[in-house]
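Read through the structure below, which is laid out as structure tokens, and then see the notes.
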Amino acid sequence: MGLMTGKRGIIFGVANELSIAWGVAKQLHAAGATLAFTYLNEALEKRVRPLAESVDAEMILPCDLSKDEDIDAVYAEVEKQWGKIDFVVHAVAFANREDLKNPFSQTSRAGFSLAMDISAYTLVAVTRGALPLLNEGGSVLTMTYLGAQRAVPNYNVMGVAKAALEASVRYLAAEVGSQGIRVNAISAGPIKTLASSAVGKFKEKLHIMDERAPLHRTVTQEEVGKSALYMLSDLASGVTGEVHFVDAGFNFVAG
Ligand code: NAD
């Protein structure tokens, strides 16, 4: 019996084998969970499908989270096939590349809205869709970063979106706690992925971790996955509305 045996859930946010969501999915699978995956578009489907199949995914569904109809279609299909679920992983973010490089004051209205929509609002939409399907004891988990709480160079509009995401975690947790459902975030240290490569001077953030982070190294997708397993399992049954740091380098000073 694994920690997640008999539990079923949806993973939003695998793009490739470097994705944090994939690190989470592997841990959940190893612990006995049954998984459904979504992919953003056809190009990514080619990457996601073989990964999902390798962990015996029961559903692999398209979902552009900027479209309410896509979110509705995912939950309709999951309800049809499974009826109920136990967890949702939201590991999704997006901002225009120039907004992760130019001075923050140059962020356009459209770029600001886009980052907030995809990186923060989608947690609200994904949680709302999941609520009718989540069993008591169910859990929602999202991914955030230190840039929500401090001014990390170049993180810019994404830091503002992550602050909104972290506040959303608290409001959602407060709302759904009475239904026995938990909502949390993991704040991971910098990891090389498709999304993080868009952040200006990202390599410097990786190197700074060696110097300043408590563990004097970066963390891995596997380590985030292990914390996610804890947060999504019954081991964290009393934990909600929290931001759980997986060495985000809290000694890291903005400048
Ligand atoms: P990634 O590129 O592997 O994952 C980002 C995912 O977001 C991709 O799967 C992409 O398809 C998806 N996405 C973007 N726009 C979407 C849309 N409109 N609809 C549906 N999906 C969409 O990169 P990652 O680093 O694994 O990012 C996962 C999460 O972890 C993000 O929230 C990111 O901010 C967060 N995070 C990353 C780091 C890091 O250093 N890599 C650190 C802390 C937090």
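Along the chain as shown, residues are numbered 1 onward.
Including glycine, each Cβ sits where the backbone N, Cα and C put it.
Whatever TrEMBL says is automated annotation, not expert-curated.
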Of the candidates Val88, Val92, the one that TrEMBL places in the NAD(+) site of Gly13, Ser19, Ile20, Lys162, Ile191, Lys192, Thr193, Leu194, Ala195: Val92
Listed recorded positions adjacent to ligand 1, that is, members of Gly13, Ile20, Tyr145, Lys162 whose C-beta is under 6 A away: Gly13, Ile20, Tyr145
Among Ala95, Tyr145, Tyr155, which are recorded as recorded positions, the nearest neighbour of Ile20 (NAD(+) binding site) by Cα: Tyr145
Binding-site residues listed as Ile20, Ala95, Leu194, least Cβ neighbours within 10 Å: Leu194
